[in-house]
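As recorded in Swiss-Prot:
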- 11-31: transmembrane segment (TRANSMEM)
- 35-55: transmembrane segment (TRANSMEM)
- 77-97: transmembrane segment (TRANSMEM)
- 110-130: transmembrane segment (TRANSMEM)
- 140-160: transmembrane segment (TRANSMEM)
- 176-196: transmembrane segment (TRANSMEM)
Amino acid sequence: MEHYLSLFVKSVFIENMALSFFLGMCTFLAVSKKVSTAFGLGIAVIVVLGIAVPANQLVYTHVLKDGALVEGVDLSFLNFITFIGVIAALVQILEMILDKFFPALYSALGIFLPLITVNCAIFGGVSFMVQREYNFTESVVYGLGAGTGWMLAIVALAGLTEKMKYSDVPAGLRGLGITFITVGLMALGFMSFSGIQL
């Protein structure tokens, strides 16, 4: 149990997808204007990562890995396309659920919801799972932790962005300029976790 807790904490803080590896920055910067929208997208990323990482772990272990189907047959060259296909299917299902049950959030997320399919944080989580050879339970914990860390980062950035609306930001830095500086400072803060061994 302690191993899984340390893996979760490590994936949220020490190896944060957004602020340590800078993965998923396109949606991270674009949807961080309002806390409510950022929170909704963060929940969507948690759900997709929490399902995509273990689902792809099963596909990799039982289909793609060397000798998984037939001894001596290595289908790992299909990793990239297979993982993207599984992620795309999961995002489509999530999109249909949000459209049916949460239409306001679906409208607020707009084009960024389908872009979760190609969000490199999602694919990065799956790739790290393969590289680190996580088992199924570790994949579930890692997927949920990585999604939680990404959500924590985007909600924190959205909160800071909302507060900066009322501050006197120099004209040349308004918009993405001050956002890049803020993300850099947040990344420096998260870098302080890098020396922690769990």
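In case you wondered, yes, glycine gets a Cβ from its N, Cα and C as well.
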Problem - Candidate ranges 77-97, 110-130, 140-160 - greatest C-beta contact count to the transmembrane segment (35-55) (under 8 angstroms) - result: 140-160
Problem - the transmembrane segment (77-97) versus listed stretches 11-31, 110-130, 140-160: most Cβ pairs under 8 Å - result: 110-130
Exercise for the section: Using a Cβ-Cβ cut-off of under 8 Å, list the residues of the same chain that are 6+ residues beyond the ends of the transmembrane segment (11-31) and lie near it. Expected result: 37-38, 41, 45, 109, 112, 115-116, 119-122, 124-125, 141-142, 145-146, 148-150, 152-154, 157-158, 176, 179, 183, 186-187, 189-191, 193-194, 196, 198
